[in-house]
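> This is the structure I have questions about; it appears just below.
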Amino acid sequence: MEDSVPTFWIGHHEDKRQSRVSPELIQQAHSSGYDMVTSPITTDLFHSRVLALLSSAQTHASHADGQANPHPLETPLRVMVPSLMPVDTDLIPDESMSHIVATTSSWTDLCSSDPLVADLSKQVLMLEIAYAAFCGVSYVLIPGPRLCCQTMKQVGLMQYARAIQEALAIGTYMQIKIWFPMIDHPENEIPRMGDLAPFARSEYIGDTPEEDDTVLDLYGAWDAWNAIRSFCKYHTRLCVALILPKHLPPVDIQARWYSEPVKLLTIDGTSFTKNPKGYPVLSKPHQTLINRYMRLRLPPWILLCNVGPISGTIASFPTIAEAAQEPCQRNDNATLHLSYLRNLQRKQPPQSQLEKFGSGYQDYLQSPLQPLTVNLESITYEVFEKDPVKYDWYEKAIARALHDWIEQGKPTSNPDGRVVVAVVGAGRGPLVTRALRASDDVGVEIDMWALEKNPNAFVLLQHHNANPEKWANRVKLVKSDMRTWRGPWRKRESGPRERIEQALVAELPTSSVSTDPLAQEAPSGPVEVEYCGIDILISELLGSFADNELSPECLDGVQHLLNPVHGISIPASYTAHLTPIAAPKLHADITIQALSHPNAAETPYVVMLHAIDYLSTTTPPPPADSSHSTSPSQQQPSSNPVIQKAWSFAHPNHQLPDCQPTVNPISSANTLHPLTAITNSHNTRHTTLTFPIPHRGTIHGLAGYFEAVLYGNVELSTNPLTMDQKSEGMISWFPIYFPLKTPIYAPSASEVVVNMWRQTDERKVWYEWIVEVLASSNPTPSAEPESSSPAPVSGYGQGKGKGKGKGKGKEKEGSKEGQRDGTQRTRPMRTKKMRIAMSELHSSVKEACLM
């Protein structure tokens, strides 16, 4: 099957479109290879009418102020913009509306500090949105706020956000895309004739910074977007139209925008360069960025801006003089940029194995499995079995364990010398197949057992065992929960004493004999059962967070069957890992789910994380505040995320509470009864992790990963830092995502402290988590006098000495002496950590994994 490449949906935009976007123009655009066309909602005549209203109002206000209004700022002037007239718009509802992206007026200034200009701008926007909604337009482009390198007041941004919120309420079926540059750069602010911004009255304008004082804030544009979408409560119909500059900013800025709901990539003609043949091309970084966006589950559209008129329109034909100079080139130039993008579409790199497997699952929220209470369907097993790495690694681990067992001369649990191997939770049998194959490859005979509680899967296991081309009856099958299984057994001839005991047992009431109703029945009659241990215990119970599908609890329940001296568990150990992330798309999806599912924001989700940004990184990015003369185009290597270990589990678990042996009435031997009560408190966990945040950002949740040691140096990993080294190409597990109900803003150079607990009440297991943001306060000298032996100082608050008794008394005595001699020595300056934000305590107890 041929790999399909994502299709580029490409539109055409002109800042000053010469003709009305008619059905004929749409047809010409399609013939040229475009998928859509932008259209202004209002005309230049409407623009002129608004300018006339503004001029008249300001003239009237100046006369009124000079005569009778001593407090002009307390009585802001308001002018009503009349409804649209036919000459004010070329947009007419027809069959072409589905191929049009409407654009609102770029000459407005919603952020203006002059209330008259801001109010007129808002009225214009509301009129345009209302009319576009009437015409049936589904997509509207709105120019972003005028950032001017953060010289505008924050109140202006809130005015803009309020206007966007009202626009969303008017166009109830309309997706609003806000134009944003990747960075807030002075070159982005190009004054145009007729803009309303210069008409702001002087009494409303503060001091304008000198050009040399203007600073380049690399995260300024993102910060403005973050404020707007937070104001609008992560509205699902609000998204970004991202402007790709000619020189891309550092990759950390690109990663931040990649995590946002970017639905449109706009590329101006000036962002292209000429290749040696004179054709327009994009740089390699641009190509990489576009290809990355096209890997999203819902890739953005591409909008070509100002690359010439659509081929076939009147405007695309040259004048007589132009035709004489370049008779064969001008018509082709109109589609050169489009042809380049179509060629880029065809030459996209092939999908990786993980991308093929995860197609459609990117950033898609899935609840974790309930493996102990729900019997999985065959298709679920089949998906897991497609992993090209996982079972190869298991087979390698089993082969090495068998090889070491024989090489080290370990005694086996089976008296006949065969190594007893048991797969607990066999599913459809892939691990059984790999264990048999490993046995054949290494040349070590095994006594193979397969345990499965799912009665439907057990039928398939029986088919496999009866098939001479599969297992050929080499496997002993048991239908049972591993926690109640008595273990492998073998037949032995009964002696006289045993026959008598067996007869006595047979006369007992059925209820007095402890049996497992799900287990494969042991033979009766003159042959009795002798239970033995397990030498190698194999399981695939790991979840996305290692222990979230109750692997510790399941393996604890079967550990009493493991060879107490030489027993091997595969996997031998596993660790859970965490890191804070920005995931606005996931937060928006969970917000929608919370309307019908109250526990949505406290449910850990299995997600193929894609459109996210790691907030804690190790490589310091370029300074966020620097002179605007600094070029943002210098590419730097991507930072590595800081992913820390939360906790770990090892098997066999030597901390497992002792079980009391019970008498097995059949074999007259002391054995550990699987139903012996064992508390689960030893499987609770708690961790406190601190993450550095080099750049400001919004924390939407925590990403969880795991690493597992199968045997020796055979390991599995979903940790992005180690997965390529340990198990490259593995696709069985997606990461886990612990959401926050309310996102938390973390400033630059701050720290995020995560506390997480693994809890249990003997019936279920759940997680609890809370996130704090700490920032450094100004260094201050200690208020206490300095002693000759100061106590250690804590980095998060008041220092406390560890010493007790005499040492503490001497310190106080020294302090008093310092006060008596009239001198006071202060301790060195120190930086305190102040808590500036904290989430509420989240608990997944209502969505716990049932035991």
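Keep in mind that glycine also has a Cβ here, set from the backbone N, Cα and C atoms.
Predicted automatically and left uncurated, TrEMBL annotations should be read as such.
Copying in the features that TrEMBL gives for the protein in this structure:
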BINDING   Y381, K390, Y391, E452, D481, M482  S-adenosyl-L-methionine binding site
COMPBIAS  625-641  compositional bias 'Low complexity'
COMPBIAS  777-794  compositional bias 'Low complexity'
COMPBIAS  808-824  compositional bias 'Basic and acidic residues'
DOMAIN    33-346  domain 'PRMT5 TIM barrel'
DOMAIN    573-850  domain 'PRMT5 oligomerisation'
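Map these features onto the structure and tell me what's around them.
The Cβ neighbour count for Y381 (S-adenosyl-L-methionine binding site), using a 10 Å radius and every protein chain shown, is 16.
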> Max Cα-Cα distance in Å among Y381, K390, Y391, E452, D481, M482, the residues listed as binding S-adenosyl-L-methionine?
24
> Cβ neighbours within 10 Å, counted over all protein chains: which one of the binding-site residues E452, D481 has the most?
E452
> Just jot down the residues in the same chain as K390 (S-adenosyl-L-methionine binding site), at least 6 apart in sequence, with C-beta under 8 A of its C-beta; none if empty.
F384, E540, L716, S727, M730, S732
> For the binding-site residues Y391, M482, which Cβ has the most other Cβ atoms within 10 Å, all shown protein chains included?
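Neighbour-count leader: M482.
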